[in-house]
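What TrEMBL annotates here:
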type	residues	note
DOMAIN	1-234	domain 'Deacetylase sirtuin-type'
BINDING	12-31, 91-94, 176-178, 202-204, Ala220	NAD(+) binding site
BINDING	Tyr56, Arg59	substrate binding site
ACT_SITE	His109	active site, proton acceptor
BINDING	Cys117, Cys120, Cys136, Cys139	Zn(2+) binding site
Amino acid sequence: MALFERIMILTGAGLSAESGLSTFRDKGGIWEKHRIEDVATPEAFQRDPERVLTFYNTRRGSHGDVQPNAAHRALARLEAEYPGKVLTVTQNVDPLHEMAGTKNLIHMHGEIAKSLCMHCGSRAPWETDLAVDMVCAACDMSGGIRPDVVWFGEMPYRMGEIYAALADCDLFISIGTSGNVYPAAGFVAEARSAGAHTVELNLEPSSGISMFDEAIHGKATEVVPAYVERLLTT
Ligand code: NAD
Ligand code: APR
Ligand code: ZN
């Protein structure tokens with residue numbers, strides 16, 4: 001692994017699929033059952049907050065007792081074996097990376113374990129179902145509590161740090177993402193222009209496959225531990 005000094009990992013819903021969480025654009029995925037414009041845009045929340053909160057309360061509920069899988073654990077192992085050299089950026093809103101032990105982590109689409117007040121911007125752990133008439137503990141106002149999740153049309157979180165890391169990485173690994181949604185889908189091009197070696201680990205070729213130097217297709221719980229083992233033993 002002495003080959004690489006600054007590793008950036010991008011993960012998507014496919015990483016959590018084998019932990020039992022639905023992906024978005026696979027067969028049976030979330031967007032087959034719900035329209036994005038009904039449940040995952042700021043306009044949807046303005047129009048019908050009840051419907052949006054019900055969608056996310058149900059998704060939060062499905063996260064109940066899910067556990068990290070072998071792929072999450074392999075990524076935590078890579079970070080532990082090379083402290084200070086690995087940054088994980090996830091599009092996922094689940095807590096499975098943290099539960100597996102990953103520390104240097106950016107949730108660019110937010111976290112379903114947190115709620116956000118649109119009036120004052122304060123965040124709180126999301127323990128009970130969110131409701132429209134919920135009063136914010138910080139500003140005492142109601143009607144503004146939403147999931148701390150980035151919706152279509154909103155700017156993902158901590159993009160400055162992400163682009164700085166992309167400009168400096170020498171290995172970029174994309175795992176479990178279809179490469180359909182920007183800005184994450186554009187990260188591989190940024191990494192390539194920084195001269196990084198780019199690798200896709202996914203069930204099948206993503207939309208961005210032509211941008212990758214290397215691709216290993218298969219289930220994350222198989223291809224990710226194998227790739228990490230290879231990195232750690234070369
Ligand atoms: P975008 O407009 O770049 O999204 C492009 C893709 O998202 C499209 O190819 C389509 O697959 C889907 N999409 C977007 N709007 C759609 C619509 N109205 N109907 C059907 N499909 C639609 O994404 P964006 O608007 O720039 O969103 C900003 C960020 O918010 C993105 O990074 C997105 O991933 C994120 N987001 C997060 C969640 C979540 O649940 N975490 C949900 C939605 C969006
Ligand atoms: N192992 C590896 N890859 C898998 C597995 C698995 N077991 N199961 C599915 N995949 C792959 C699929 O082949 C697909 O390419 O994971 C990818 C999942 O793609 P999407 O469902 O589009 O999820 P993602 O790419 O994370 O979506 C990006 O779009 O809706 C928004 O904000 C939402 O963060 C999400 C973003
Ligand atoms: Zn508030």
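Glycine residues also receive a Cβ, built from the backbone N, Cα and C atoms like all the rest.
All annotation found in TrEMBL is predicted automatically rather than curated by experts.
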Those binding-site residues, Gly20, Tyr56, Arg59, Cys117, Cys139: which ones have a Cβ sitting under 6 Å from ligand 2?
none
If you draw a 10 Å sphere on the Cβ of Arg59 (substrate binding site), how many other Cβ atoms land inside?
19
Beyond Cys117, Cys120, Cys136, Cys139, what residues of that chain have CB atoms within 8 A of the centre of the Zn(2+) site's CB atoms?
Met118, His119, Gly121, Ser122, Ala137, Ala138, Asp140, Met141, Gly144, Ile145
Where among the binding-site residues Gly12, Gly28, Gly176 do you find the Cβ with the fewest other Cβ atoms within 10 Å?
Gly28
Sort out for me which one of Cys117, Cys120, Cys139, Leu203 has the most neighbouring CB atoms within 10 A, since those are the binding-site residues we care about.
Cys117
Between the binding-site residues Gly12, Cys117, Gly176, Leu203, which lies closest to the residue listed as 'active site, proton acceptor', Cα to Cα?
Gly12
Near ligand 3, which of the recorded positions show up if the criterion is a Cβ under 6 Å from one of its atoms? Options: Gly28, His109, Cys139.
Cys139
Can you name the residues of this chain that are 6 or more positions from Ser16 (NAD(+) binding site) yet have a C-beta less than 8 Å from its C-beta?
Val66, Asn69, His72, Asn92, Asp94, Leu96, Gly176
For a Cβ distance below 6 Å to any atom of ligand 1, name the recorded positions from Ser16, Gly28, Arg59, His109, Cys117, Leu203 that qualify, or say none.
His109
Mean pLDDT across the domain 'Deacetylase sirtuin-type' (1-234), rounded to an integer, is what?
95
